[in-house]
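What follows is a single structure, written as structure tokens, with notes after it.
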């Protein structure tokens, strides 16, 4: 007999406190009624381990504890309490079906849905009803919506009353319009019906008919897409040269126009049209005219463009007297020592850098080539 209670763990992990046989002779595990293990001759000693439970082999479902749990069926409640041992188990029962009462109760939630036994007939009836409703809406919209027809290739003598009389037999016409220009009718027009159905009927009847030897065409009028044309920018003949900054560098001849709106720099105004030529670059004119900037003078100009380049003027051809050249100021003419073009290198004075070349009227191509081959070059470094 044990002197103190001993805690024994079963395979399920629940502690079991063994008691002596004198206290609970019929409840203690491992009593004399059970199988005695080896060395279990004393009936007062408890059975230490219970027999291991049996597990199903792999791949099979575990057996249902039919002997311990009641069947879970949706049957009526058990008023007699057959399962007294399982008083904590709640048995759920399904709803009671009593014929027409359940149908009436279910229809209270959806009272608008038709009650039919055939779902196919239900879908057909609903579809036919919606189709009828859609057709009525479409028909009503067609009657209320006006429609415009485009009539082309009509006789040129036709006027609005003639076109109204031709289409008025098919329905009420809201508007008739024939397009005209300064020479008369353009041969087409528009007819607006109050109803789209009447417009379609008129289009089917009159399209392709012969009226006074002309086959008219009647079609549905479509909205014209109106596109706004871009505004043409204000440019002159020179295009991009209208900018005063760009024109001063690349097109100084624009500043010789008397009506040009932009202000003209003082050196350019003083030596406009003078003999100080420099391939049309404003930088040369500014440098060469710096000495006479203090005494500017007005420059008479022709009504047209006074050319800055000698290649553009009449002096490019050579042999013309000075009276036929571009008008220039007195101050500019006094200091003019360079040629108007490439044909005459020196016109009024000698070159201070080369004393062997004297004043001359013009040089030919051969003479110019010989001068350059002979060492004449103002920009030579030595």
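Keep in mind that glycine also has a Cβ here, set from the backbone N, Cα and C atoms.
Looking at the stretches 94-148, 149-203, the one that Swiss-Prot records under the feature region 'Disordered' is 94-148. Of the candidate recorded sites, 148, 157, 190, the one lying closest to residue 214 (site 'Interaction with RNA') when CA atoms are compared is 157. If you take the Cα of residue 156 (site 'Interaction with RNA') and the Cα of residue 148 (site 'Interaction with RNA'), they are about 21 angstrom apart, rounded to a whole number. Summary for the recorded sites 156, 190: the Cβ-based neighbour count within 10 Å is maximal at 190.
Of the recorded residues, residue 157 (site 'Interaction with RNA') and residue 181 (site 'Interaction with RNA') place their C-alpha atoms 13 Å from one another. Between the CA atoms of residue 181 (site 'Interaction with RNA') and residue 190 (site 'Interaction with RNA') there is a gap of 15 Å.
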